[in-house]
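Asker: I am attaching a structure below and will ask some questions about it afterwards.
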Amino acid sequence: MEFPFDVDALLPERITVLDQHLRPPARRPGTTTPARVDLQQQIMTIVDELGKASAKAQHLPAPITSASRMQSNRHVIYVLKDTSARPAGKGAIIGFLKVGYKKLFVLDDREAHNEVEPLCILDFYIHESLQRHGHGQELFQYMLQKERVEPHQLAIDRPSQKLLKFLNKHYNLETTVPQVNNFVIFEGFFAHQHPPARKLPPKRAEGEIKPYSSSDREFLKVAVEPPWPLNRAPRRATPPTHPPPRSSSLGNSPDRGPLRPFVPEQELLRSLRLCPPHPTARLLLATDPGGSPAQRRRTRGTSPGLVAQSCCYSRHGGLNSTSLNKGKYSSLLIFKSSKPNTVYSNLPMHMPGISTGNQGSKQGERETENRSANQKQVLSQDGSAEEPTHTVPPQAQAQTPQAPQASQAPQAQSPPAPSWTVGRDMFNARFIRNLHEFRGTRPW
Ligand SMILES: CC(=O)SCCNC(=O)CCNC(=O)[C@H](O)C(C)(C)COP(=O)(O)OP(=O)(O)OC[C@H]1O[C@@H](n2cnc3c(N)ncnc32)[C@H](O)[C@@H]1OP(=O)(O)O
């Protein structure tokens with residue numbers, strides 16, 4: 001990888017170690033010294049270009065390595081330069097390896113949670129023309145010595161297949177300890193922790209544990225994959241050009257392939273605005289009793305009647321599975337307004353299996369059954385989680401306290417039972433913003 005400035009003079013050593021200060025190394029005696037600010041600018045250019053090349057090689061939608069990200073994190077980058085090829089006498093860069101210590105919660109082989117802070121492999125790239133020439137190993141080996149770590153002590157942030165093969169070939173790392181986050185650790189990780197991994201009390205249920213791994217790549221996932229149904233690309237005509245998601249022992253680790261870009265909000269709203277908002281919804285939204293999002297997050301359970309019930313966090317989808325974008329989380333949000341017997345849902349009106357008003361249908365019942373079978377979570381208006389509850393109207397609950405939930409389909413209530421409005425559209429900017437905020441507080 002070549003640059004319009006003298007890389008060879010800028011980085012005198014074959015491998016240069018840069019930290020968050022991105023300080024240019026001392027130059028060889030006798031070389032002319034440009035202004036230090038120019039040298040730092042050149043270093044930043046190199047880091048930016050390497051980050052872009054690495055992202056491209058890994059099919060990431062945006063670089064995870066850049067000068068600005070380096071400056072705001074305590075990561076270390078090892079840059080390997082080409083000492084043989086000197087096109088126009090300026091030298092070239094072969095690749096880089098970025099590492100950093102991170103606090104992680106990892107599972108051991110007995111699935112106990114451990115709080116650890118290992119050195120993590122965060123980004124690794126060798127120029128395409130020079131891969132499989134041993135440069136990767138040279139860089140990796142140098143880093144191991146410099147950081148004084150053994151390969152099995154490392155955690156790897158979403159390794160690519162190439163990197164997994166690399167680690168297997170050079171360091172015999174093969175058997176992974178399954179995790180529910182993006183990081184991969186290998187057998188032997190816990191045997192060699194210094195200091196020993198700190199065990200967390202095993203009191204919390206799986207779903208309650210939030211702080212899984214602050215992956216460097218997390219921002220990519222958040223930026224490009226809004227929750228269902230916002231992640232449904234409108235009318236995709238062509239099949240995906242990239243391979244299917246790579247599955248490994250990473251639990252719910254998202255795939256490395258390119259993720260879909262954001263659909264512009266306006267377009268989303270247009271495509272989802274299938275019927276005019278219910279007057280009550282308008283009223284509630286205009287009132288905005290929760291105040292600022294930050295305030296709302298702090299004050300749970302005070303909303304005067306707007307309850308979001310999120311359920312069906314299932315990849316299997318109880319509705320028409322084709323319409324629910326198989327393989328994605330399908331979260332059904334139902335809003336119950338303070339107006340008696342009125343419920344709003346994030347399901348578009350045309351969604352098969354959902355009826356509106358008093359229209360009962362078999363599909364609607366099926367949907368309700370499925371919903372009942374799944375874990376139910378009640379959210380306050382701000383999206384904070386509360387105790388699980390049922391998604392049936394209070395009247396229905398009162399009428400059939402012992403009846404199984406599956407039979408409590410609101411649509412199935414015969415007249416003059418109160419009418420339930422499911423499917424009224426509530427997509428507006430605030431709703432979507434709240435949805436994003438809610439999602440941002442959860443690891444999925
Ligand atoms: C946490 C992360 O950073 S994940 C991202 C890792 N980076 C990438 O995937 C970017 C693209 N790949 C690369 O930049 C490089 O291939 C690296 C960094 C993974 C390895 O660097 P290299 O210089 O190629 O490694 P090196 O020559 O020392 O070792 C070669 C071994 O790596 C593995 N490897 C390298 N390239 C490939 C490939 N295209 N396909 C399969 N295995 C590969 C193999 O085990 C290979 O041994 P082999 O040739 O006998 O099969």
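Even glycines carry a Cβ here, placed using N, Cα and C.
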Asker: Which residue range, 195-214, 315-334, is the one TrEMBL calls region 'Disordered'?
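Answerer: Checked against TrEMBL: region 'Disordered' maps to 195-214.
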Asker: Same chain only, sequence gap of 6 or more: which residues have a CB within under 8 Å of the CB of Leu130 (acetyl-CoA binding site)?
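Answerer: The list for Leu130 (acetyl-CoA binding site) reads Asp82, Ile94, Gly95, given in order along the sequence.
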Asker: Less than 6 Å between Cβ and the nearest atom of ligand 1 is the rule; apply it to the binding-site residues Phe124, Gly136, Leu164, Leu167.
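Answerer: If the test is a Cβ under 6 Å from any atom of ligand 1, the answer is Phe124, Gly136.
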Asker: Report, as a single number, how many Cβ atoms besides its own are within 10 Å of the Cβ of Gln161 (acetyl-CoA binding site).
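Answerer: Neighbour count, Cβ to Cβ under the 10 Å cut-off: 11.
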